[in-house]
Every structure is written in structure tokens, then in C-alpha cells.
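S.K.: Structure provided below as C-alpha cells; questions to follow.
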Amino acid sequence: MKINSLAKLGGVVLVTGLILAGCGSKSSQSKKQEINWSTPAAISTMDTSKMIDLYSAQVANGTNEGLLRMAKNNKANPGVAKSYSVSKDGLTWTFNLRHSKWNNGDPVTAKDFVFSWQRTVKPKTASQYAYIFANIKNAAKINAGKMSPSKLGVKAEGNYKFVVTLNKAQSYFKYMVTQPEFFPQNSKTVSKYGNDYATNSTKNSYNGPFILKGWNGTNDTWKLVKNTKYWNAKDVKVKTINFQAVKTPSTGLNSFNSNKLDYTTLSGTLAANNKKNKAYTVFPQASTSYLEFNQKKIKALRNVNIRKAMALAIDKKQMVNKVMQGGDITPKGFVPASMAKHNGKDFASQAYVKAGTDYDLKEAKALFAKGLKQEGKKSLSLSLLGSDDDDSKRSSEFIQSQLEKLPGLKITVQSIPFKSKLSRSESQQFDLVTSAWIADYPDPSNFLDLMTSNNSYNDGKWSNKQYDALIKKSESTDANNETARWNDMVAAEKILMQDQGIVPLYQQGQAALVRSSVKGVQAFTTSPQYDFSKAYVK
Amino acid sequence: MADNAKQTSADDFTPIAGADRAKLDDEKIATPSLTFLQDSWRRLRKNKAAMIALVLLIILFILAFFSFIFETHNPNATNPNLANLPPKIPGIDINGFNGTIEQSGERINAYAQAHAGNHFYILGTDYLGRDLFSRILYGTRISLEIALIASFFDLAFGVVYGITSGWIGGRVDTLMQRIIEIMLSIPNLVVMVLLILVLKPGMTAIILSIAITSWINMARLVRAQTLELKNQEFILAARTLGESSWKIAFKHLLPNLSSVIIINLMFTIPTAIFFEAFLSYIGIGISAPQASLGTLINDGQKNFQFLPYQMWYPAIVLSVLMIAFNILGDGLRDALDPKSRE
Amino acid sequence: MAKYLGKRIFYIILTLFIVTTITFFLMKLMPGTPLTNQAKLTPTQIHQIYKQYGLDKPVWQQYLVYLGGVIHGNFGTSFQFSNQPVSYLISSRLGPSLIIGGQGMVLGVLAGLIVGAVGAIKANTWVDTSATIISILFISIPSFVLAVLLQYYLGLKLRLFPIADWGGFMYTVLPTLALAASPLAETARFMRTEMVDVLSSDYIELAKAKGLNKVGIIYHHALRNSLIPVVTIIGPLAVNIMTGSMVVENIFSIPGIGEQFVKSILTNDYPTIMGLTIVYSAMLCVVLLITDIVYGLIDPRIRINK
């Protein structure tokens, strides 16, 4: 999922060190089992077919539940499905559903999943995230309007058995079904409200641990209230979570300090000045911020020496520690560290290429001079595109000052709204652009796919045949062979870094203040990032 | 006495010698004949507050427009290792100027912590280690440029428009008022935002959008005042005596309008600076790494709780600028107002 | 009067028509669509989405459709909130903005009138000087600096009022104060200038000479005559409040239209920007109409039916 760095939102790992220390939070509050949470943006929609932003997805993860439920340490726990089995060829997934209910009393059945998935894929719904279903049989054709939605590779065998047929084996499909796009929908509710479906908290049905209340479609505050009809309601301890969309981090901090919020995000100087605060917590994210070179438009950027020079000229350590100052860490490569493991080894460590993320100004100057000579140029003038939130502006200004240390390189900064930046990146209207990607599911392919020659998110149009071949192999011949697939991907990442197709800037992490009395909120490095179903107040 | 007068002879009337001629004026009981401007300047000089404001403004203008002489560092040079350092003036050991800052309840020496060595920044540094003093000078210049251009349009266009509309009256007035009314009916900020979105954020877009919106108020107020003056006796008298419209406008109307014009002009300058700051605040103003007082205040206010100096200094400069403009405006009004002539 | 009103309302409609037209075509000049993942969508889907937003038709048809919609109070669908009509987006957020805006205006103007009048009556004394200093200070401090200071000192340090959020009168105090500062200063300055002029005019001298008591003179003559020009700045003050509300609502997390406007700019939500522009203009038209009527009523020299 393309993200705005403003849009960094952490899940919550309740660091074990944070026991009870409580900065005077009142015990009467604690007994209330009520949490006050902040979020940077209002809900844009609760229709899971149309959800495209992180914040709405996070709310949906509280109010609804898919076949499986994301849990700590990259586990996909049972959700609506009690159990599942995968055929030997990895193409057929069979989910056995439990007897659970919607909040209106209707049973949650396999038909609700069939209905929902078909609805998302059919062109009429105009879901902007429908491509995520591409690996399900016939999804692409249906999405292009060339086939009837009923031909989608999903089937309800009776009310409580749901069978999915994939195009290619996909080991991480279990993570995908934890995502909101794969949630069930109550067909009665959808047809009852038609166009108005899910445009406010009452025009919707919920099957998750909580029910959404007090959302009128446009407001900045809403509540998640415990859903007594949820199948596992006995384990849901917290009664109410009050959400507040906070527009400026300093307002959030002030509210936290006056006990109006139990969680607020921090960045930059605010984070630096709160590092000693006992409530300070960092939530690592499977998200990388990186610099892309427009190799289609600018010939000089096709020169590997120039790309390497620019990569080496940026001091990532200084960027993380002195500029971003929040929870970000220096990158090991394009795929974030501690996201995916195989045989106990972390992907990022295995694929680490020192030169790809290093800082060496002397070497950079030499390479840059060499590169310019090869290109027959004396100087190079480039614009750096970034979005216009505080964090992005800061990082752009920093990168500008770092790159301009290369003799003959002139950088101008352009900061524009996130959405405009996105559309300009996609249509190659830039020289350099800072992008950020957060994993939808904890698998390296989620990142590596982006840099294949034909991927529409490969904004800079970096292209490498060997890389493409390795990725293709991992998705076809090696798809059902964990180790071979893993090795393909490690090799691919190494190529990307050696050729400096992109420059990883930092791995994102969300710095936040969390009231120490709030316990049990689970955090994930990938979407949906946090889960309240086991949260409680002590 | 009267009889003696007849007896004067021609000798009594000797021409005054050159040296005595100068004394002739001693006999006059009249102030020297001064032009309108001279007279105003004379009275402005008597107004101490206004003179202080004028001097302050001159100093600020010199500092801002010749900032390259005064700045202690390059305003855009970053040095992240020395970021967020509080003000330090060597030799002064008062909290707030000695390089220490309150952090989690205790005072620490930020310069020592950052291993700043011999570096010092008299107003501290920002989040990228840029010298705040130099940035404030630079920012003042940008803000002043924007404000001056806006005011120029305000004067040049607004006053002429207002007088024409009010003086001619009739259909012309109606038409001109309709145009103004339409422009006035869109909040100028919205006009600015729309223009900036179309023109792409930047200095030119800001100047253009402020220019396009700033003259309207002036035109409206000038017209209202013209309408009122139009029916007053002295204008009627001038008319009856056959003065030309132009002459009436400049000789009689303008001086009487000056108080309205100047008061409104003094509103335009802070308004223009405010709009620039505002646009920067909502993210479509001056773009990095350029700075204006507005962007500096904005950057500063985010960390107000911890690094209050980052907002206070640009805010103080902005306020001093505004206060000076306002006081000078008041002084000018008193000086220019024909009614207050002694 | 009825004729005048009819004429004015006709002009307001004309104005809004022009505003709508200009805004519509300005927005068409700008890049940006409701599509977020354009590169990942199939042509059928893109067409479908365009159809949903009415973007599949030629621009002139879109314009007519939009115009027809505006007449019925329909401003299209927001790009940012899926399936949410802009008109609902605005109407559900109008309340808080009107409350803090109205309170700020009333407080600012009333306090400004008092400060200005007192300053004029006690002209050239320390009272006048302090009144002038207050107004100069309030005019010099940008509303967002003031808002930050109020939030920090009154909200966080002294804990007198809630820091942010929306939920009752107490929540409106700080934003109202932040908004009231600028109208207060402007009204006070204007009022003082006018009143000093009026107080030194011949008819006041005459009234004094006739032996009328001072309170009577100030109340019956000076105040009333000074109020007239002040009415003319109500319109611009309303604009001030609207502008101020955009930052103030952001700082205090108030779910109003000002905050929505800024958000729409940053997310390229053109239908919402257009809708809000028209709504802001309509509100301003009404304020101006009212002030003009009031102006005509209290100043016998200006005949509104002329």
C-alpha cells in the first residue's frame, strides 16, 4: 500500500518494560475499560469493497472479521474460519467456518464471503483495491468486465464451508484473507441501503469484536463499542474505544498530557523531546521510505555510477537520528528488516548489500564525477518531488542539502499534496521522488514485485532482466517450494541494491506515547497494524 | 500723531539696506507657506511613537533587504548534527541566551550535548540545524516583499477604483459595485487558494493571488467615503465655483480620504503578511527551503512546548513589524488629516 | 424596500452563478481524479468510476449537470469520502463552524465597539493608549499563533478549558477567543477613528453648547453616527472569521467546514472544494445583504431604494 509518511500509523506493541508505571492516571478511569485513541485522519468509508486508506482499514479490523485474524508474530489466527486446509498444489484453499453471527442476529455464512468477494471484483462496484484479488481464479477477467462475477473462483459448499481457487500457489494467501478487502458482507444490509451502504455507522452490519457507533460519515470522533454477538465476546475486555482524529501532532500531545488521549503519535522534534517519557513507545513497521530515479525521462539517471553516487551521498544515519528523530531506523535494503523470516533468518539480513545503503561522501564524489564524465556532462540539475506533510518536507530538505554536496548537482525541492504526488509519480512526471511503501502482508514479494519492469508502482522504471526473471521464477516454478522461492527473492533484492535501482532512505517506525494503563493492544508491522480485541485497561 | 504724518519728507523713506532686508520677515505673523506634504511631515515628526516606529521599520527594512551583510550563517545551509540548538550569545549567561534548555525538568547545555565546539547561534537553530537568525532576516524579506507588492496594488488600483465609482455615480457606480460585490462574495482566501492550486504553489502565485484580492476592500471604503464627502458643502462649493472633477478629486477628496486610505492600507500590510503565513500554514505557501516569517512561525509552533524560542523569535519580529506599521499608520493619519491641522 | 430586496437577491443569484462557473472551470484546469490506484485499475473500472462521478461526459455537459445540481443543493460526490455527497459533508460540519464563528464575531465586534468607544471618549489619555495597544497587539498576532498560545497556556498549563475536540460550550471558548481577536482589533480601531471624528464635529459641539448632558450626547449622537461606518466592515470581518476558522479549527480539532476545506485542498478533493467555495460565497452574500440593509436603515443619508 502506497503511503504518505504522514500516514504512518503504528500498531501497538506493548513493550514489556512498561509495567504499571502509570503517570498518575486515575484508577477510576482504569476500571471503566475505556480507551481514548487518536488517529491522524477521519474514516473515509466503512465499505470494505471501497476501502483504500489505512485508517478506515484499522477501524474495519475492529468492527469486522475475515476468515482469519492477524495476530502477533506474523500469525494468522482463526477468525470466522475455525480451520483451513490447502491442497497439495497450493491452489485450493478450503475454510471451515464456525457458527457466528452478525450484530443484527443473522448468521455469518460462506455465502457472505462469496457475496462480498464477488461484489469487490465486479467492475460496477469500482473498487480501487480490486487488483489485490488478481490471484483468485478469473478475478482479472471479471474485473475487466469480460466475465460474469459468478465465475469467480470462490464457492460456498453449504453454509459453513468456503472454497477458494487460486491461479498460482501463494503461500501468503493466509495473510491476505485477514485484510479488510477479504471480509464478509451481509448481503441483506448491502441491498437494503444500496448506495448509502456503510456511509455511516448505522447503515452497516458488523461481525467483529466491536460495533462502530457515533460515526455520521464525516465527523472526527467515533466509538468502537464491544459487540456482544461476537463469537469470542467473552475474551473482549474493553468496553469502549473512543477515537479522535487529531490533525496536528502537537494538539495530540497536549491532549495526551491532559489525559484526554491514551495514545498519540509523534514525529520529529516532538518525538526527540519525548524520548525520556515513560509512555514513549516505538512501533516498528514493515515500511520503507525510498528514493526513486526517473530513468525513463532523465538519461543521466540510467548511469549506475550516478545513482550509486547519489545513494552514497545521503547519510541515512544522520537522517534517522537527527532529522526524522522518531521511530524510524536505518534501512538494510528495500525489504524491511524483521518482517519476514525463513528458517529463523531475517530476509533483510540475508539480502544485505552494504554499498546499497552506505554513506561515503568521498566515494560518492568520485563516482559522481566518473558518471558525469561518462554522460559527457558538466553538471546536473534535478527536481526532487515529495509530498507536503511535515515529515516529507523535512526529509526532502535534508536530501536536497545532502545531494548538493556532490559538485555539479543542483536540486530543487517540490512539495505537493500526497495524492497529486502519487499521480505524478505514476505518470513519470518527476526527476527524483521520495516514496514509501508499507507491506499489506508480511512477505518480501509484497515489496519486490514493485520493482519488476512492468509494475505500475515502479515509478522510476528501473528495469533489470535478471531481476524480473528471478521474481517470475519465485511466482511460478518455485511458488510451492518455500526455500527455492526464498532464495530467488534474496537474489533479486541483492540485484536491486547492487544496481541501486532505488535508494532506501529509512525503515519507518511510528513513535508514539501510549498510556501505561492500556494493555494488550496487539501490534503488527503490516496492515492493519493493530488489534484491540485483546486490549484492556489496568 | 496723525498730523505729524503729513510732515514726513522724502528722506524719511530710505530704501532698506541689503542687511536689513532679511529682517523684513520678522514682521510677518504667519507660518511659512508649506505644501501639504511638508506640513504633514512636520506634524509627523512631532509624534514620538510614530517616529520610533518609522525608525524601527527602516532598521527592519535595512536588515531584511541587506540580510546578506548581517546574516551570521547561510540561511539555507543545513547541519543536522547541530539541530534544535537554543540561542547562545557568548559572554551572556542568562537562561535563554546561554545555550541551555529545559529538557524533562532539568536544564541542560544543548551545545555541549551536540558537541558544537565553538559554534554559536544567537537565536538558535531549527530542525535541520539552520541558523534561525539568518532565516528570520531572510524570511522578513520575503514577507515584506509580499506585503509591499500587495499594498502597491491596494493603493494603485483600489483608490482609483473607489473614487471613480463613488464620484461618477449612476450606472457606472452600479456596474463597478456589482463587480466588487461578486469579488467580495468569494472570501479572498478561497480565491487565493483556488488561484494557487491552479498556478502551482510558490512566491509568484502568492503575490498574484494576494494582489488580485487585496484592492477590493480599499475600493469599497474609499467609495463609501467619497459618497459621503460628495454631498458635503466644501465639495459643493468647489463644484459651484467650477473646479474640474480631477482637481476636486485630488485637491479636496484625496486629503479628506487619506485617513480612510491610510488606515486601510495599514490593515492591508498585516493582512498580506498574515495571508502569506496562513497559506504556508495550510501547506500551499512558500516552498522549502525558502522561508518567510509565516513558515518560520509555523515550523516553530509545532515544537512550541519544547523549543519555544523557535516560534517566539519569528513571532516577535512579525509582531514588531506589524506594531510599527500600525503606529506609523496612526501617526500618518493624524498628520495627514486636514481636520487636525493647527 | 421589496423592490430593492428583490433586486439584491437577483444579484446574489447572479453572483453565485458566476462563482459557480468560475470555480467549476478552474477546477477542471487542475489535474486529479477520484482514482487512487489508477495504474492498478482496469479500463472498465476506470470508466465505471468516471461514470459514477459524472466525469465520463464532455465538460460542458458536466457543467450543466453540476449547475443543475447546485440549484437543488447537490454539489456532487466527495472524492475523499466514498459515496458521501458533498452537500451532506458540508451540512454535517456547518454547525460547529457557525457556532464558533458566530460567537467570535459577536464577542469581537461588541468588545471592539466598547474598546473603540472608550478610547475615543477618553481620547489621548492612558485609557486611550491602552485601548490602542490592545487593538494593535490583537491585530499583529496571527490567529494561529494566538491559538497555539491559548491552547498551551489556558488549556494545558492552567487547565481552564479543554485543549481540543468538540462537545459543548467549554470546548468553544478557546477557539472563540482565538477568532475574536482580529475582529475586536479591527472594530476597535475603526470605531475609535470614527468616533473621534464625530465627537469633534459641529453638531456635537452644538449639542454641548445647548447644554445636553454628556452621556446623552454620546449615546444619542456620537455612538449612533459612529456605528454607521462600522457596519461597512462587518462583511470583511466575516471573511476574517472564515479565514481564521480554517486554522483555528485545525489546531483545536473542531469538526467544521474550515478544517474540511484545508483537508480537501491537501487531498485534492475538488468536488468538496467547489461546494465549500459556493457555500462560503453564499454565506458572505447574505452577510453583505444584511449589512447593507442595516446600513440603509441607520444612515438616513444613504437611500437604499435610490
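The backbone N, Cα and C atoms fix where each Cβ goes, glycine too.
Since we're looking at a predicted model, the values are computed, not measured.
Feature list, courtesy of TrEMBL:
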type	residues	note
TRANSMEM	C:9-27	transmembrane segment
DOMAIN	C:94-295	domain 'ABC transmembrane type-1'
TRANSMEM	C:98-121	transmembrane segment
TRANSMEM	C:133-154	transmembrane segment
TRANSMEM	C:166-185	transmembrane segment
TRANSMEM	C:227-252	transmembrane segment
TRANSMEM	C:272-298	transmembrane segment
S.K.: Taking 3+ C-beta pairs under 8 angstroms (sequence gap of 6 or more) as contact, is the transmembrane segment (C:9-27) in contact with the transmembrane segment (C:272-298)?
M.R.: yes
S.K.: Using Cβ atoms only, state whether the transmembrane segment (C:133-154) and the transmembrane segment (C:227-252) have three or more pairs under 8 Å that are 6 or more apart in sequence.
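M.R.: By the criterion, they touch.
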S.K.: Tell me if the transmembrane segment (C:98-121) touches the transmembrane segment (C:166-185). I count contact as 3 or more CB pairs below 8 A, with pairs 6 or more residues apart.
M.R.: yes
S.K.: Below 8 angstroms Cβ to Cβ, which residues of this chain, lying six or more residues outside the transmembrane segment (C:98-121), approach it?
M.R.: 127-128, 131-132, 134-135, 172, 175-192, 194-196, 199, 218, 222-223, 226-227, 230, 234, 237-238, 241-242, 244-245, 248-249, 254, 256
